[in-house]
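Taken straight from TrEMBL:
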- 134-304: domain 'Glycosyltransferase 2-like' (DOMAIN)
- 553-654: domain 'PilZ' (DOMAIN)
- 7-27: transmembrane segment (TRANSMEM)
- 33-50: transmembrane segment (TRANSMEM)
- 57-76: transmembrane segment (TRANSMEM)
- 88-109: transmembrane segment (TRANSMEM)
- 379-407: transmembrane segment (TRANSMEM)
- 419-438: transmembrane segment (TRANSMEM)
- 497-516: transmembrane segment (TRANSMEM)
- 528-548: transmembrane segment (TRANSMEM)
Amino acid sequence: MKHHFLVTLFLCFVALPILILMVVAPMSTHNQFIYGITMIATCFFAHFMSKKHFVSLGILLVAVISSTRYMFFRITQTLDFPSWIDMFFGYLLLFAELYVYVVLILSFFQLSWALKRKIVPLPKDTSQWPTVDVYIPTYNESLDVVKDTVLAAQCIEYPKDKMKIYLLDDGKRKEFATFATEANVGYITRTKNDHAKAGNLNHAMKITDGELIAIFDCDHIATKIFLQSTVGGFLKDPKLALIQTPHHFYSPDPIQRNLYLGRDIPAENDLFYGPIQRGNDNWNATFFCGSCAVIRRKALDEIGGFAVETVTEDAHTALRLQRKGWKTAFLDHILAGGLATERLVLHLQQRNRWARGMVQIFRLDNPLLGRGLTLPQRLCYLSATMYFFFAIPVLIFLFTPVLYLLFGVSIVHGSVELLLSYAIPHLILSVFAGSRLYGRYRYSFWGPIYDLVLSFHLVLPTTVTLFSPHSGSFNVTDKGDTVDKSYFDALSVRPHLIAAGILVLSIIIGVTKLFVPNYFEAQLEPTLLNIGWTVFNLVLLTAAICVARETENKRKTVRLYLETPVNIYQESGHVSRTLMRDLSMTGCRVDNFENGDIDINADPISHIEITSEKKTFCVPVERIIPGHGPDGFIHIRFLDIDIDSRREFVRLLFSRADTWVRPEYKQDNPIRAFITILGCIRDSLRGTRRKENIHIAVVENNE
């Protein structure tokens, strides 16, 4: 007790005054440069000397001090405007900077101490295991997408008398009801589709009675160990209401697919389903993400079921659970795989809904207000809801230098040298601290590209929702789509193209002013600074525009690398043993067999025999593309198979415990990350394309 008292005294009367002094102490331009360089050098030295977490926290603290000092400088020394136009745009830029500063501090708080949970094992006595209802909601998705999710759920290893699977069809389609009967799973529909997905789930809760509810979007395919990995936590802690697992996408998102080097960078969602959710978990603020999760029915009953007031019913439901004192958890093990949005326009629609939903939560159930949440929980939710207001600040940063180059509007008043002496440490250390904390999950400068892709499309929806939170409706994101041919989606990036034209014009005029400064009355240093800023913005904006080059993708099913022995049967009855190299639901690729000496045109392959978990099943062959020589490959297309064989296919392809493995990316290097962006732009302008458009999980199966 005495120890804690002494620590508190030290923090209040020694540490805090020192920190305040480091932020507000006035310095000359020269001394501020020395101060900033010292802070940067100290962080770089600490980074290379140690990878320990307490060093990361130290670097984080220095970055926060540097950013806070910059904001203090901006507010106290750069707002003396000579005209109302300068003042208007000057305060607009300050608003954008304050927004970024607050979001930066909140995100650093979330990421400062990420919790890495371990799987809680279930007791050996299965009679103690709780009953589970598996919900698979669907509305307008194709049956081909939904089938494998249902069949994978049947492959989950859990006592059959304690697990029931339900297909929740808001589309009321006969073929879905027929499939549910054939697959021997429950089929639930309703007369009115009130409250979209949340209403669908609430309706199913009235009909079913499992103690726990596992939810999978209709394209999220679970592994066989999903329930065994998640349910144990509910037995260990009776106050646990939710266990959320990552959303892993086995197909690339539009940015990874459409940029040539896109698959060399982490996916956009990796940061959230990694450090952010682990950080939230440390403060009991895990977000429910609508799928790949297990929820306790008793907890849902206590809050009146899934939240229906917003279009992001998942995050809102978690917020309500936490307000009631229930615990939530994030288990960072990939236990299911799903489809990312196939085209940019679908990506925009999905993010539009997410943004509107988080703004609705901000307005209707603001985490800073109301009872039940701890301060850390409030901050985590505030970070999430505030993030989706990024559109307006991003556009302010995009066009601020343009105002100076085209119209001579001086938005920041003060010498360039003094401004840079504060801004350089702030920018370098904030980028460096982020790279240190989550460099394997988000590379430097890619966050602004993701934001630029969305910003023009989110300004209006988020603004309207802020003032009218009940406006808009739930839109379902299409999955399982294909791209028949490559094309440029000019409609989705029309505002980006216009903005790029304005930026190019600004650079041309700015350079012209440098050559004839007397005619334009241009000042050298501010003009150079704003030209450099505009060029940087143009690079990021061009990368965002390149995402609109949709890459051809005719493959309807994912093809996974899967090395396993198979038997090849020819029509004559001859049997050969060879190795399968990859497999999809519609075909496979196998090594050439018998040293390539057998003429499969004269004696075609009739079927192949595959072994899955000690079960053997035969697949009839429709078409063959032969290889040449012993090192060639044979490509085989399958005929339609019955539901039992398809289930075994799903078991072999998707249900293994090791099916989904998070790709290991290199640690971020900001310089290398920026060079990668330039490479993406270069290759996109050249029209360079990768042959493979599906992100393939590399696995081996030698059963």
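Backbone N, Cα and C define each Cβ position, glycine as well.
Note that the structure is predicted; figures quoted are calculated from it, not measured.
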Answer with yes or no whether the transmembrane segment (33-50) touches the transmembrane segment (497-516) by the criterion of at least three Cβ pairs under 8 A, sequence separation 6 or more. no
Counting Cβ pairs closer than 8 Å, which of 57-76, 88-109, 379-407, 419-438, 528-548 has the most of them with the transmembrane segment (33-50)? 419-438
Which residues of the chain, 6 or more past the ends of the transmembrane segment (419-438), have a CB below 8 A from one of its CBs? 29, 32-33, 35-37, 39-40, 43-44, 47, 56, 59-60, 62-63, 66-67, 69-70, 73-74, 78, 104, 108, 111-112, 271, 274-275, 412, 444, 529, 667-670
Selection from 57-76, 379-407, 528-548, the stretch that has most Cβ pairs under 8 A to the transmembrane segment (88-109): 379-407
Distal contacts, the transmembrane segment (528-548) - CB-CB under 8 A, six or more residues away: 254-255, 258-259, 344, 397-398, 400-402, 404-405, 416, 420, 445, 448-449, 452-453, 488-490, 492-493, 496-497, 499-500, 503-504, 506-507, 510-511, 514, 677-678, 680-681, 684-685
Which bits of the chain, at least 6 residues beyond where the transmembrane segment (57-76) starts or stops, bring a Cβ under 8 A of a Cβ in it? 19, 22-24, 36, 39, 42-43, 46-47, 94, 97-98, 101, 104-105, 108, 112, 412, 422-423, 425-426, 429-430, 432-433, 436-437
Tertiary contacts of the transmembrane segment (379-407), as residues 6+ beyond its ends and Cβ separation under 8 Å: 89, 92-93, 95-96, 99-100, 102-103, 106-107, 109-110, 279-280, 283, 285, 287, 315, 319, 354-355, 358-359, 361-362, 366-368, 373, 448, 451-452, 454-459, 462-463, 466, 499, 502-503, 505-507, 509-510, 513, 526-527, 529-531, 533-534, 537, 541
Tally of residues which DSSP labels helix, strand or coil - the domain 'PilZ' (553-654): 14 helix, 51 strand, 37 coil
Mean pLDDT, the domain 'PilZ' (553-654)? 81
